[in-house]
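Annotation source TrEMBL lists active site, proton acceptor at 136. Annotation source TrEMBL lists ATP binding site at 165, 166, 167, 168, 169. Residues annotated as transmembrane segment in TrEMBL: 427-449.
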Ligand SMILES: Nc1ccn([C@@H]2O[C@H](COP(=O)(O)OP(=O)(O)OP(=O)(O)O)[C@@H](O)[C@H]2O)c(=O)n1
Ligand SMILES: [Ca+2]
(Lines of atoms letter the chains of each structure in order from A and count residues from 1; the text may use other names and numbers.)
(Lines give C-alpha, C1' and ligand atoms only; values in the text may rest on other atoms or scores of the structure.)
(Ligands and ions follow the chains in the order given, each with its own letter.)
Protein backbone atom coordinates (compact mmCIF):
# COMPACT_ATOMS: atom_id res chain seq x y z
CA UNK A 1 0.00 0.00 0.00
CA UNK A 2 1.32 3.46 -0.83
CA UNK A 3 0.77 6.37 1.50
CA UNK A 4 -1.48 8.90 -0.17
CA UNK A 5 -0.75 11.83 2.11
CA UNK A 6 0.84 14.85 0.54
CA UNK A 7 3.57 15.07 3.19
CA UNK A 8 7.03 13.62 2.52
CA UNK A 9 7.45 9.90 2.92
CA UNK A 10 10.48 8.28 4.51
CA UNK A 11 11.73 4.77 3.72
CA UNK A 12 13.76 2.02 5.34
CA UNK A 13 14.96 -1.38 4.08
CA UNK A 14 15.54 -4.50 6.20
CA UNK A 15 16.85 -7.79 4.83
CA UNK A 16 15.73 -10.82 6.78
CA UNK A 17 18.48 -13.33 6.08
CA UNK A 18 16.77 -16.46 7.42
CA UNK A 19 18.01 -20.03 7.41
CA UNK A 20 15.80 -21.08 4.51
CA UNK A 21 15.62 -17.86 2.50
CA UNK A 22 16.17 -14.10 2.48
CA UNK A 23 13.37 -11.53 2.21
CA UNK A 24 13.78 -7.83 1.58
CA UNK A 25 11.26 -5.59 3.33
CA UNK A 26 10.72 -1.96 2.35
CA UNK A 27 8.96 0.19 4.92
CA UNK A 28 7.43 3.62 4.42
CA UNK A 29 6.10 6.25 6.82
CA UNK A 30 5.13 9.91 6.72
CA UNK A 31 8.05 12.04 7.93
CA UNK A 32 5.95 14.04 10.36
CA UNK A 33 4.31 11.12 12.16
CA UNK A 34 7.21 8.90 12.87
CA UNK A 35 6.63 8.70 16.61
CA UNK A 36 3.11 7.31 16.42
CA UNK A 37 2.44 3.62 16.87
CA UNK A 38 1.18 1.85 13.74
CA UNK A 39 2.36 4.55 11.33
CA UNK A 40 5.15 2.62 9.61
CA UNK A 41 3.83 0.36 6.88
CA UNK A 42 5.30 -2.27 4.66
CA UNK A 43 5.47 -0.84 1.15
CA UNK A 44 6.92 -3.88 -0.59
CA UNK A 45 8.53 -7.24 0.02
CA UNK A 46 10.78 -9.26 -2.27
CA UNK A 47 11.80 -12.88 -1.81
CA UNK A 48 15.39 -13.52 -2.82
CA UNK A 49 15.61 -16.48 -5.21
CA UNK A 50 17.39 -19.57 -3.92
CA UNK A 51 18.30 -20.61 -0.40
CA UNK A 52 19.38 -18.62 2.65
CA UNK A 53 22.77 -16.86 2.78
CA UNK A 54 24.27 -19.56 5.05
CA UNK A 55 23.93 -22.06 2.18
CA UNK A 56 26.68 -20.10 0.36
CA UNK A 57 29.34 -21.15 2.90
CA UNK A 58 31.42 -22.79 0.16
CA UNK A 59 30.87 -19.94 -2.31
CA UNK A 60 30.53 -16.73 -0.25
CA UNK A 61 30.45 -14.45 -3.33
CA UNK A 62 27.17 -16.05 -4.30
CA UNK A 63 25.52 -14.77 -1.10
CA UNK A 64 25.99 -11.11 -2.02
CA UNK A 65 25.10 -11.66 -5.67
CA UNK A 66 21.85 -13.43 -4.72
CA UNK A 67 20.48 -10.14 -3.33
CA UNK A 68 20.79 -8.24 -6.61
CA UNK A 69 17.30 -8.65 -8.09
CA UNK A 70 15.52 -7.68 -4.89
CA UNK A 71 17.83 -4.70 -4.30
CA UNK A 72 17.09 -3.48 -7.84
CA UNK A 73 13.40 -3.79 -7.03
CA UNK A 74 14.00 -1.67 -3.93
CA UNK A 75 15.75 0.92 -6.11
CA UNK A 76 12.71 1.11 -8.37
CA UNK A 77 10.15 1.23 -5.55
CA UNK A 78 11.78 4.01 -3.56
CA UNK A 79 11.81 7.50 -5.19
CA UNK A 80 15.34 8.34 -6.35
CA UNK A 81 15.48 11.55 -4.31
CA UNK A 82 15.07 9.49 -1.11
CA UNK A 83 17.68 6.80 -1.92
CA UNK A 84 20.66 8.32 -0.14
CA UNK A 85 18.70 8.80 3.10
CA UNK A 86 17.12 5.33 3.13
CA UNK A 87 18.84 3.09 5.70
CA UNK A 88 19.52 -0.57 4.80
CA UNK A 89 20.00 -3.17 7.52
CA UNK A 90 20.63 -6.89 7.14
CA UNK A 91 19.93 -9.20 10.05
CA UNK A 92 20.83 -12.88 9.79
CA UNK A 93 19.17 -15.44 12.03
CA UNK A 94 19.55 -19.10 12.94
CA UNK A 95 21.10 -20.41 9.70
CA UNK A 96 24.05 -18.06 10.18
CA UNK A 97 24.18 -18.77 13.93
CA UNK A 98 24.64 -22.44 13.06
CA UNK A 99 27.23 -21.70 10.37
CA UNK A 100 29.15 -19.55 12.84
CA UNK A 101 29.18 -22.47 15.31
CA UNK A 102 30.37 -24.85 12.61
CA UNK A 103 32.78 -22.65 10.68
CA UNK A 104 33.29 -19.11 11.94
CA UNK A 105 35.59 -18.09 9.08
CA UNK A 106 32.98 -19.13 6.51
CA UNK A 107 30.23 -17.18 8.32
CA UNK A 108 32.45 -14.07 8.31
CA UNK A 109 33.07 -14.45 4.58
CA UNK A 110 29.35 -14.72 3.89
CA UNK A 111 28.67 -11.58 5.95
CA UNK A 112 31.50 -9.73 4.18
CA UNK A 113 30.00 -10.76 0.83
CA UNK A 114 26.52 -9.42 1.62
CA UNK A 115 28.06 -6.27 3.09
CA UNK A 116 30.09 -5.68 -0.07
CA UNK A 117 26.99 -6.23 -2.21
CA UNK A 118 24.69 -3.96 -0.16
CA UNK A 119 27.22 -1.10 -0.33
CA UNK A 120 26.92 -1.05 -4.13
CA UNK A 121 23.34 0.30 -4.01
CA UNK A 122 22.52 3.99 -3.60
CA UNK A 123 21.07 3.58 -0.09
CA UNK A 124 22.56 4.35 3.31
CA UNK A 125 24.16 1.05 4.36
CA UNK A 126 23.87 0.52 8.11
CA UNK A 127 25.35 -2.92 8.67
CA UNK A 128 24.92 -6.67 8.24
CA UNK A 129 25.11 -8.84 11.33
CA UNK A 130 23.86 -11.99 12.99
CA UNK A 131 21.15 -10.99 15.45
CA UNK A 132 20.79 -12.90 18.71
CA UNK A 133 17.84 -15.18 19.44
CA UNK A 134 16.78 -12.72 22.17
CA UNK A 135 16.71 -9.85 19.70
CA UNK A 136 14.78 -11.96 17.23
CA UNK A 137 12.14 -12.75 19.86
CA UNK A 138 11.94 -9.24 21.29
CA UNK A 139 11.73 -7.44 17.93
CA UNK A 140 9.04 -9.87 16.75
CA UNK A 141 7.07 -8.94 19.87
CA UNK A 142 7.57 -5.21 19.22
CA UNK A 143 6.43 -5.63 15.60
CA UNK A 144 3.14 -7.35 16.41
CA UNK A 145 2.32 -4.94 19.23
CA UNK A 146 3.31 -1.87 17.21
CA UNK A 147 1.15 -3.01 14.28
CA UNK A 148 -1.78 -3.84 16.60
CA UNK A 149 -1.40 -0.34 18.13
CA UNK A 150 -1.12 -1.86 21.61
CA UNK A 151 1.95 0.05 22.71
CA UNK A 152 0.61 3.42 23.81
CA UNK A 153 -2.62 2.10 25.25
CA UNK A 154 -3.31 0.52 28.62
CA UNK A 155 -4.66 -2.63 26.91
CA UNK A 156 -2.89 -5.99 27.15
CA UNK A 157 -0.16 -6.95 24.73
CA UNK A 158 0.07 -9.79 22.24
CA UNK A 159 2.60 -12.57 22.79
CA UNK A 160 4.74 -13.52 19.78
CA UNK A 161 5.43 -17.03 18.49
CA UNK A 162 7.84 -17.28 15.57
CA UNK A 163 8.75 -20.56 13.87
CA UNK A 164 11.60 -20.48 11.38
CA UNK A 165 13.51 -23.19 9.60
CA UNK A 166 16.30 -23.38 12.17
CA UNK A 167 15.02 -21.72 15.36
CA UNK A 168 11.80 -20.82 17.11
CA UNK A 169 11.00 -17.95 19.49
CA UNK A 170 8.41 -17.42 22.23
CA UNK A 171 7.99 -13.94 23.74
CA UNK A 172 5.27 -12.60 26.04
CA UNK A 173 4.52 -10.54 29.15
CA UNK A 174 4.15 -13.15 31.92
CA UNK A 175 2.07 -12.94 35.08
CA UNK A 176 4.74 -14.57 37.19
CA UNK A 177 8.34 -13.68 38.02
CA UNK A 178 11.03 -14.38 35.40
CA UNK A 179 13.43 -16.70 37.22
CA UNK A 180 16.22 -16.64 34.67
CA UNK A 181 18.08 -13.50 33.55
CA UNK A 182 18.75 -14.98 30.11
CA UNK A 183 15.04 -14.96 29.42
CA UNK A 184 14.19 -11.48 30.59
CA UNK A 185 14.07 -8.28 28.55
CA UNK A 186 12.92 -4.85 29.70
CA UNK A 187 11.67 -2.03 27.51
CA UNK A 188 10.27 1.41 28.16
CA UNK A 189 8.09 2.37 25.20
CA UNK A 190 5.73 5.38 25.00
CA UNK A 191 5.99 5.81 28.77
CA UNK A 192 5.10 2.20 29.64
CA UNK A 193 7.47 -0.37 31.15
CA UNK A 194 7.39 -3.85 29.63
CA UNK A 195 8.95 -6.81 31.36
CA UNK A 196 9.17 -9.55 28.73
CA UNK A 197 9.89 -13.24 28.85
CA UNK A 198 11.66 -14.45 25.70
CA UNK A 199 13.42 -17.58 24.55
CA UNK A 200 14.84 -18.71 21.23
CA UNK A 201 15.40 -22.44 20.72
CA UNK A 202 18.23 -22.95 18.26
CA UNK A 203 17.78 -26.19 16.27
CA UNK A 204 14.03 -26.19 16.94
CA UNK A 205 12.93 -24.48 13.74
CA UNK A 206 10.92 -26.87 11.63
CA UNK A 207 13.69 -27.95 9.24
CA UNK A 208 16.23 -28.65 11.98
CA UNK A 209 13.58 -30.33 14.15
CA UNK A 210 12.87 -32.72 11.26
CA UNK A 211 16.57 -33.58 11.10
CA UNK A 212 16.69 -34.06 14.89
CA UNK A 213 13.68 -36.31 14.79
CA UNK A 214 14.98 -38.38 11.85
CA UNK A 215 18.36 -38.65 13.55
CA UNK A 216 16.74 -40.00 16.71
CA UNK A 217 14.79 -42.59 14.77
CA UNK A 218 17.98 -43.82 13.12
CA UNK A 219 20.21 -43.65 16.17
CA UNK A 220 19.00 -47.02 17.36
CA UNK A 221 19.06 -48.66 13.93
CA UNK A 222 21.83 -51.23 13.67
CA UNK A 223 23.44 -51.39 10.30
CA UNK A 224 24.20 -54.99 9.39
CA UNK A 225 24.99 -54.66 5.70
CA UNK A 226 26.68 -51.35 4.88
CA UNK A 227 26.14 -51.80 1.14
CA UNK A 228 22.35 -51.75 1.45
CA UNK A 229 20.36 -48.56 2.09
CA UNK A 230 19.22 -48.15 5.67
CA UNK A 231 15.46 -48.16 5.96
CA UNK A 232 13.91 -45.35 7.97
CA UNK A 233 10.25 -46.20 8.58
CA UNK A 234 8.74 -42.85 9.43
CA UNK A 235 5.21 -42.36 10.88
CA UNK A 236 5.43 -38.60 10.07
CA UNK A 237 5.43 -39.21 6.29
CA UNK A 238 2.47 -40.36 4.19
CA UNK A 239 1.86 -44.06 3.44
CA UNK A 240 3.32 -44.83 0.02
CA UNK A 241 6.05 -42.18 0.39
CA UNK A 242 9.35 -43.84 -0.42
CA UNK A 243 12.46 -41.83 -1.31
CA UNK A 244 16.16 -42.46 -1.05
CA UNK A 245 18.27 -39.71 0.49
CA UNK A 246 21.92 -39.46 1.41
CA UNK A 247 22.61 -39.49 5.14
CA UNK A 248 24.85 -36.47 4.50
CA UNK A 249 21.90 -34.41 3.19
CA UNK A 250 19.88 -35.15 6.33
CA UNK A 251 22.52 -34.98 9.04
CA UNK A 252 24.83 -32.19 7.83
CA UNK A 253 24.03 -29.96 10.78
CA UNK A 254 25.69 -29.00 14.06
CA UNK A 255 22.28 -29.58 15.69
CA UNK A 256 23.04 -33.30 15.59
CA UNK A 257 26.34 -34.34 17.07
CA UNK A 258 27.96 -37.12 18.96
CA UNK A 259 25.37 -39.65 17.89
CA UNK A 260 26.09 -42.82 16.02
CA UNK A 261 24.51 -42.02 12.68
CA UNK A 262 24.76 -43.90 9.40
CA UNK A 263 26.72 -42.42 6.51
CA UNK A 264 25.39 -44.05 3.34
CA UNK A 265 22.01 -44.02 1.65
CA UNK A 266 18.73 -43.85 3.56
CA UNK A 267 15.53 -45.28 2.24
CA UNK A 268 12.88 -43.00 3.76
CA UNK A 269 9.56 -44.84 3.94
CA UNK A 270 6.32 -43.20 5.10
CA UNK A 271 3.90 -44.92 7.48
CA UNK A 272 1.31 -42.15 7.94
CA UNK A 273 0.55 -42.72 11.61
CA UNK A 274 -0.16 -39.47 13.41
CA UNK A 275 -0.08 -40.70 17.02
CA UNK A 276 3.20 -42.57 16.47
CA UNK A 277 4.52 -39.46 14.76
CA UNK A 278 3.66 -37.37 17.80
CA UNK A 279 5.35 -39.93 20.07
CA UNK A 280 8.53 -39.68 17.99
CA UNK A 281 8.46 -35.87 18.00
CA UNK A 282 8.05 -35.76 21.80
CA UNK A 283 11.52 -37.35 22.03
CA UNK A 284 13.19 -34.20 20.65
CA UNK A 285 12.00 -32.28 23.73
CA UNK A 286 14.00 -33.18 26.79
CA UNK A 287 11.74 -32.76 29.82
CA UNK A 288 13.79 -34.75 32.31
CA UNK A 289 15.43 -31.82 34.11
CA UNK A 290 14.47 -28.32 35.24
CA UNK A 291 16.35 -26.11 37.69
CA UNK A 292 13.43 -23.63 38.00
CA UNK A 293 9.87 -23.78 39.26
CA UNK A 294 8.75 -24.49 35.70
CA UNK A 295 10.35 -25.29 32.35
CA UNK A 296 9.30 -25.64 28.75
CA UNK A 297 11.92 -28.20 27.65
CA UNK A 298 15.69 -28.74 27.58
CA UNK A 299 15.89 -27.18 31.06
CA UNK A 300 14.71 -23.77 29.84
CA UNK A 301 12.68 -21.70 32.29
CA UNK A 302 9.23 -20.68 31.08
CA UNK A 303 6.41 -19.05 33.03
CA UNK A 304 2.81 -20.07 32.24
CA UNK A 305 1.68 -18.68 28.91
CA UNK A 306 -0.65 -15.75 29.43
CA UNK A 307 -2.91 -13.64 27.22
CA UNK A 308 -3.32 -13.71 23.47
CA UNK A 309 -0.61 -14.78 21.05
CA UNK A 310 0.15 -14.16 17.41
CA UNK A 311 1.86 -17.18 15.79
CA UNK A 312 3.59 -16.25 12.54
CA UNK A 313 6.20 -17.37 9.93
CA UNK A 314 6.10 -21.16 9.55
CA UNK A 315 3.44 -21.44 12.29
CA UNK A 316 1.19 -19.67 9.79
CA UNK A 317 2.49 -21.24 6.53
CA UNK A 318 1.96 -24.77 7.82
CA UNK A 319 -1.35 -24.30 9.65
CA UNK A 320 -2.73 -22.27 6.74
CA UNK A 321 -1.76 -24.98 4.24
CA UNK A 322 -3.42 -27.61 6.45
CA UNK A 323 -6.49 -25.36 6.86
CA UNK A 324 -6.09 -25.57 10.64
CA UNK A 325 -5.92 -21.90 11.62
CA UNK A 326 -9.30 -21.78 13.36
CA UNK A 327 -10.01 -25.23 14.83
CA UNK A 328 -10.10 -26.31 18.47
CA UNK A 329 -7.08 -28.27 19.73
CA UNK A 330 -9.04 -31.54 19.52
CA UNK A 331 -10.36 -30.75 16.05
CA UNK A 332 -6.84 -29.88 14.92
CA UNK A 333 -5.54 -33.25 16.13
CA UNK A 334 -8.30 -35.20 14.41
CA UNK A 335 -7.88 -33.45 11.09
CA UNK A 336 -4.12 -33.72 11.22
CA UNK A 337 -4.36 -37.47 11.94
CA UNK A 338 -6.59 -37.86 8.87
CA UNK A 339 -4.20 -35.80 6.74
CA UNK A 340 -1.13 -37.80 7.80
CA UNK A 341 -2.83 -41.10 6.95
CA UNK A 342 -3.77 -39.92 3.43
CA UNK A 343 -1.75 -41.87 0.83
CA UNK A 344 1.16 -39.94 -0.70
CA UNK A 345 -0.24 -40.52 -4.21
CA UNK A 346 -3.49 -38.72 -3.31
CA UNK A 347 -1.60 -35.82 -1.76
CA UNK A 348 0.55 -35.35 -4.88
CA UNK A 349 -2.55 -35.45 -7.11
CA UNK A 350 -4.37 -32.94 -4.93
CA UNK A 351 -1.50 -30.38 -4.85
CA UNK A 352 0.33 -30.69 -8.18
CA UNK A 353 1.61 -27.10 -7.99
CA UNK A 354 3.49 -27.56 -4.70
CA UNK A 355 7.09 -28.85 -4.71
CA UNK A 356 7.07 -32.45 -3.48
CA UNK A 357 9.87 -31.78 -0.97
CA UNK A 358 7.65 -29.23 0.81
CA UNK A 359 4.46 -31.21 0.32
CA UNK A 360 5.92 -34.30 1.93
CA UNK A 361 6.81 -32.43 5.14
CA UNK A 362 3.46 -30.89 6.14
CA UNK A 363 2.36 -33.92 8.20
CA UNK A 364 5.59 -33.72 10.20
CA UNK A 365 5.46 -29.91 10.43
CA UNK A 366 1.81 -29.78 11.57
CA UNK A 367 2.47 -32.44 14.21
CA UNK A 368 5.66 -30.69 15.30
CA UNK A 369 3.77 -27.38 15.72
CA UNK A 370 1.05 -29.04 17.77
CA UNK A 371 3.56 -30.85 19.97
CA UNK A 372 5.75 -27.76 20.44
CA UNK A 373 2.75 -25.65 21.48
CA UNK A 374 1.04 -28.24 23.68
CA UNK A 375 3.86 -30.33 25.18
CA UNK A 376 6.64 -27.74 24.83
CA UNK A 377 5.00 -24.43 25.77
CA UNK A 378 2.03 -25.91 27.69
CA UNK A 379 -0.86 -24.44 25.73
CA UNK A 380 -4.05 -26.39 26.50
CA UNK A 381 -7.42 -26.97 24.84
CA UNK A 382 -8.70 -24.06 26.99
CA UNK A 383 -6.25 -21.44 25.76
CA UNK A 384 -5.67 -22.83 22.24
CA UNK A 385 -8.21 -20.23 21.00
CA UNK A 386 -5.86 -17.50 22.28
CA UNK A 387 -3.37 -18.38 19.55
CA UNK A 388 -4.01 -16.60 16.23
CA UNK A 389 -2.10 -17.96 13.28
CA UNK A 390 -1.26 -14.82 11.34
CA UNK A 391 0.81 -13.74 8.38
CA UNK A 392 0.15 -10.03 8.37
CA UNK A 393 -1.32 -7.33 10.57
CA UNK A 394 -2.85 -4.77 8.23
CA UNK A 395 -0.53 -4.67 5.24
CA UNK A 396 2.66 -5.54 7.12
CA UNK A 397 4.14 -8.98 7.74
CA UNK A 398 4.50 -10.17 11.31
CA UNK A 399 8.20 -10.86 11.97
CA UNK A 400 11.23 -9.32 13.68
CA UNK A 401 12.28 -6.95 10.85
CA UNK A 402 9.91 -4.05 11.52
CA UNK A 403 10.70 -4.00 15.27
CA UNK A 404 14.41 -4.12 14.44
CA UNK A 405 14.14 -1.09 12.17
CA UNK A 406 11.92 0.87 14.59
CA UNK A 407 14.56 0.33 17.26
CA UNK A 408 17.57 1.26 15.12
CA UNK A 409 15.93 4.39 13.75
CA UNK A 410 14.84 5.45 17.29
CA UNK A 411 11.27 5.55 16.09
CA UNK A 412 9.72 4.33 19.33
CA UNK A 413 10.22 6.92 22.05
CA UNK A 414 10.69 5.74 25.62
CA UNK A 415 8.34 8.42 26.93
CA UNK A 416 4.82 9.23 25.82
CA UNK A 417 4.55 12.42 23.81
CA UNK A 418 1.45 14.52 24.49
CA UNK A 419 2.04 17.13 21.85
CA UNK A 420 3.43 16.37 18.43
CA UNK A 421 7.09 17.39 18.12
CA UNK A 422 6.37 18.56 14.60
CA UNK A 423 2.98 19.81 13.43
CA UNK A 424 1.28 17.12 11.41
CA UNK A 425 -0.76 17.54 8.20
CA UNK A 426 -4.13 17.99 10.01
CA UNK A 427 -2.69 20.63 12.35
CA UNK A 428 -1.30 22.65 9.45
CA UNK A 429 -4.64 22.53 7.57
CA UNK A 430 -6.48 23.62 10.72
CA UNK A 431 -4.15 26.59 11.27
CA UNK A 432 -4.51 27.70 7.63
CA UNK A 433 -8.33 27.59 7.76
CA UNK A 434 -8.33 29.42 11.10
CA UNK A 435 -6.08 32.21 9.77
CA UNK A 436 -8.27 32.51 6.67
CA UNK A 437 -11.38 32.84 8.84
CA UNK A 438 -9.78 35.62 10.93
CA UNK A 439 -8.77 37.46 7.72
CA UNK A 440 -12.33 37.18 6.30
CA UNK A 441 -13.77 38.47 9.59
CA UNK A 442 -11.32 41.40 9.66
CA UNK A 443 -12.22 42.21 6.05
CA UNK A 444 -15.94 42.15 6.87
CA UNK A 445 -15.43 44.41 9.89
CA UNK A 446 -13.32 46.78 7.75
CA UNK A 447 -16.00 46.93 4.97
CA UNK A 448 -18.74 47.48 7.55
CA UNK A 449 -16.88 50.41 9.17
CA UNK A 450 -16.07 52.02 5.80
CA UNK A 451 -19.71 51.76 4.76
CA UNK A 452 -20.99 53.24 7.99
CA UNK A 453 -18.37 56.09 7.84
CA UNK A 454 -19.44 56.94 4.28
CA UNK A 455 -23.12 56.84 5.26
CA UNK A 456 -22.38 59.17 8.18
CA UNK A 457 -20.52 61.58 5.83
CA UNK A 458 -23.48 61.46 3.36
CA UNK A 459 -25.92 62.19 6.21
CA UNK A 460 -23.89 65.25 7.25
CA UNK A 461 -23.89 66.56 3.66
N1 LIG B 1 5.17 -20.26 2.07
C2 LIG B 1 6.07 -20.92 2.79
C3 LIG B 1 7.28 -20.30 3.16
C4 LIG B 1 8.17 -21.05 3.93
N5 LIG B 1 7.88 -22.32 4.30
C6 LIG B 1 8.81 -23.08 5.13
O7 LIG B 1 8.76 -22.56 6.43
C8 LIG B 1 10.02 -22.76 7.07
C9 LIG B 1 10.46 -21.54 7.80
O10 LIG B 1 10.40 -20.47 6.97
P11 LIG B 1 10.82 -19.06 7.52
O12 LIG B 1 9.96 -18.65 8.63
O13 LIG B 1 10.95 -18.16 6.36
O14 LIG B 1 12.27 -19.44 8.14
P15 LIG B 1 13.64 -18.68 8.09
O16 LIG B 1 13.40 -17.27 8.44
O17 LIG B 1 14.30 -18.93 6.79
O18 LIG B 1 14.47 -19.45 9.22
P19 LIG B 1 15.04 -18.93 10.63
O20 LIG B 1 14.09 -17.91 11.16
O21 LIG B 1 15.12 -20.13 11.50
O22 LIG B 1 16.39 -18.35 10.34
C23 LIG B 1 10.98 -23.25 5.99
O24 LIG B 1 11.08 -24.64 6.19
C25 LIG B 1 10.27 -22.96 4.72
O26 LIG B 1 10.59 -23.89 3.72
C27 LIG B 1 6.68 -22.90 3.95
O28 LIG B 1 6.42 -24.04 4.33
N29 LIG B 1 5.78 -22.20 3.20
CA1 LIG C 1 12.82 -16.25 10.42
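Cβ atoms are placed via backbone N, Cα and C, with glycine included.
Feature map: annotations from TrEMBL on the structure.
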| residue | record | contacts (Cβ under 8 Å, 6+ apart) |
| --- | --- | --- |
| 136 | active site, proton acceptor | 91, 93, 162, 167, 169, 200, 400 |
| 165 | ATP binding site | 18, 19, 20, 52, 94, 95, 205, 206, 207, 208, 314 |
| 166 | ATP binding site | 18, 19, 20, 93, 94, 95, 97, 98, 202, 203, 205, 207, 208, 255 |
| 168 | ATP binding site | 161, 162, 200, 201, 204, 205, 206, 372 |
Recorded positions near ligand 1 among 136, 168, 169 (Cβ under 6 Å): none
Secondary structure of the residue listed as 'active site, proton acceptor' (DSSP, helix/strand/coil): helix
Shell list (ATP; ref centroid = CB of 165, 166, 167, 168, 169; cutoff 8 A): 19, 93, 94, 162, 163, 164, 200, 201, 202, 204, 205, 206, 208
